[in-house]
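Per TrEMBL, the features are:
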type     : residues : note
COMPBIAS : 1-25     : compositional bias 'Basic and acidic residues'
REGION   : 1-48     : region 'Disordered'
COMPBIAS : 32-48    : compositional bias 'Basic and acidic residues'
DOMAIN   : 69-157   : domain 'S1 motif'
DOMAIN   : 173-244  : domain 'S1 motif'
DOMAIN   : 267-332  : domain 'S1 motif'
DOMAIN   : 440-509  : domain 'S1 motif'
DOMAIN   : 529-598  : domain 'S1 motif'
DOMAIN   : 618-690  : domain 'S1 motif'
DOMAIN   : 712-781  : domain 'S1 motif'
Amino acid sequence: MEEDFPRGGTEKKTTESKNTRETVVTKKRKVARQDEKQKTKEQKVERGDLKLNTSTTVEILHLRNLKIGTLMLGCVKEVSDFEAVVGFSSGLVGYLPICNICDSYTSILKDNLDSEDSLKEVVPLPQLLTPGMLIRCVVSSLDSIKEGHTSLKVSINPKGVNKVLSSGSLKPGMTLSGCVESVEDHGFLVDIGISGTKAFLPKQSTSSKKGIKSDKSDLNVGQYMTVLIEEVKNDGRVVRLSQDPQALGKACAETQQGWTLDTLLPGLLIRGHIKRVTPHGLIVTYLSSFTGMVDFLHLDEDKASTYNTGDEVLARVLYVEPSTRHVGLSLRRHLLPPGGAVLDDISSERVSEVVQGCKMSALHHHSGALMKMPDGTAAFVHKNLTKEAKEEFNPNRLLTQPKHTLRIIDYSPMERMHMGTLRRSTVQTELFRYQDIKVGQIVEGTVTDLQKHGAYVRITNHIKGLIPKIHLADVVLKNPEKLFTNGLKVKCRVLSLDAQQKKLCLTRKKALVESTLPLFLSYADARVGRVSHGFIVCVKDFGCIVRFYEDVKGLVPKPELSTEYVANPEELFFVGQVVQAKVLDCDEEKKTLRLSFRAVTEGDVKEAQTAKFDFVVGKTVEVKVRRKVLDGLEVSIVPEEVPAFIPTVHLSDHVTNCLPLWMVLEEGDTISNIMCLSKTKKKGITLTKKPLLKACLEDDGIPKNFSELQVGMQMVGWVKNIMPYGIFVDFPYELFGLAPKAAMGDQFITDTSTVFDIGQTVVAKVTNLDEKKSRFLVSLRVSELSLSEEGSQARLIQGLKERKAIFEMMNCRGESDVLQQLSAVSLGDKLKVTVGDNMEDGSVALTSDQLSEATVLVSKYHTEGEDCLPLKNVFLINFKLLQQNSHCHENNLFLGDVKEAQTAKFDFVVGKVI
């Protein structure tokens, strides 16, 4: 019956009739009469209007609402050899396989696979699609993959995108998507996916578009393009196309072109009027009576609060769902003329960043939350990401929290907005992106799939890696399926990493994972005389090729294979075998290595493992920064070049100095007066620069094991973990104790997370010993501790010295006006300022000629009883380095030593408003 309906009509009434038939049989004839009336009438767009008006609410595009056949406008984010990553509305991400371009390109791929000829004639996918390009897509598959996720795959094949069009529906002025089918002498035949229609694009009508390589306007077979119909001949059997950017930019869908709800396509530019303004967006009418929705993510930011019923708007069609006739529109400026062809802003360097102090500006119960980050940038958090996976959505809990901590997980070019998550598990994870992983790092994961070529391992929800077959064990397994099953937990070491292509190669060979020898991560690491573990990748008559990490590999000549003569290397060695190799010669520029097996002695191995370094807790060393990671510094102890690690929280006793110190230190910097803290097989050597802890380690009376602990003993430690019932405190020599909630301070504590910070230096008193379980309790109450005033002043001065050193290092490495101005003043200096605006938190903004490039603030606690008049003299007492703010007359100058309960002992007022 459906073909009897005119094109453009909707099926709302028919659907209602079908539903009614199930319960009320007597209404069949009435519905039939209505259907007959519709057959005799011309196309009724009013029915489309009724259909779209059934949506009483406006929602964002959800993945769960997508169906095969849904048409969407997307932006190419990444292009690899075999697929492209496409970003859609609401931050959705889909994948475009190389076989879903067009029939002519797929035919070329098949011909090359079936023939023995070279594949050079095949134009690679990155030449057909470029990042930033807007493309019209159709959903080709929605496959449920493991762990409850759905894989969205799309196609740009014109036969799928333009499936609803026919030769008779083509009109001049229409814009369509197509792909080059063949290259002719005077132009190009373009596949627009309509049977019986030949589309021709003259060469003079082409132009070199941004992001597309063009040589004399020549295009490749399979090249995607958006084209404008200039002329239609022979009832649509022949059409002439144009790629003129100006004409395409102005082309707007008109009623006389015959667009219907069946033929509507994403990417079309339409003029409409606002029918209704809702809290979640707009409902817009266009093309006589069609209705579309504009969700809150696609409102024009500058006009979001000024939209009124009846206003005329220019909009871009984002998606069309054929079965429900839902149409999504966008009013975002970057998608409208003069833009709308190629987007410049498609990625963000802030992805993976954890942002604290975010405010929730709006909460849409069916969609998610709009967040405002401290710098004013907006971010969207999907409803499912405002909570943990197994928690229930609780909007009241979200709204009662004044500030939130979110992690930026993606960037959506369609909205030009960051996508975030409030899930604690994601915010707190150390490994979020492939860029967070380092070659040679030990990681743990879960086997998700076993193939002939190896096992796939999930490291985190966002990171997956491959263990090649030869790396599943120390020997090559004939039947790996007997040992590897889905869900198996494995410990691996990273062999190689391509963060851009998201390719992570791992090894599970025990000899490599547990190796204590130095790692050859680059040819610079393979110095003459060094010994390291590697694995054989090739065995030849002339010797063996050994590979280490990344692309570092070298040759072991036949004479160096053994102390005895080796006639046939293949009889003694095999591919995948783990070996110890000593460097005989290395050329960094040519990237060549000459190695030896027979030159490796037991003494070489021990020397490589210890590197002539005698580790002792409390030993003072000098280190050189090798690499900066998220939670600290990877360093080498000089001159032995032993690898070690300094956690960020161990750079200072003052918590607020730790991150600035980490920021100003660079690779290659030398740090003196570092003390050895611990050494484990998993973490290696850990160092500390905390002055209090260093002084504690110099004391011979410090307990070195549990048996030396005594009740009443006072020790220096640092906060290891914060729990609702108390905090765990770490001490030297691998000792740790628990400070119950009641013993964390002299005052009553309601929330343990607001009192101390992870890594904060504390002084603790042992209050209880459980010898059977080797556990002990400590107290952090200031009233129970013996603390001297001289000691607190010394720590305060040390913190100020660190701040001064930070400024000096920042000033030496940057010519910023802000840094120069801040370095020209000192704490305690008097400044002449002008009183500015009152802030929301009660603080007062000031301006000063001496700090014209910085923000000067007076906290609300130091404005009480003072008249905020212009030209006041104040004392400068604190700098906020990371935000480039200066604070005047602030009592918390002694920063990060001990919070709340313990700071009462060390309050220090520096200045007073005069």
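Glycine residues also receive a Cβ, built from the backbone N, Cα and C atoms like all the rest.
Where the annotation comes from TrEMBL, it is an automatic prediction and has not been curated.
Across the candidate stretches 69-157, 267-332, 440-509, 529-598, 712-781, the maximum count of CB pairs under 8 A to the domain 'S1 motif' (618-690) is reached by 712-781. Here the domain 'S1 motif' (267-332) lies next to the domain 'S1 motif' (69-157) in space: the count of CB pairs under 8 Å, restricted to residues six or more apart, reaches at least 3. Over the domain 'S1 motif' (173-244), the average per-residue pLDDT in this prediction is 84. In the domain 'S1 motif' (440-509), helix, strand and coil residues by DSSP number 6 helix, 35 strand, 29 coil.
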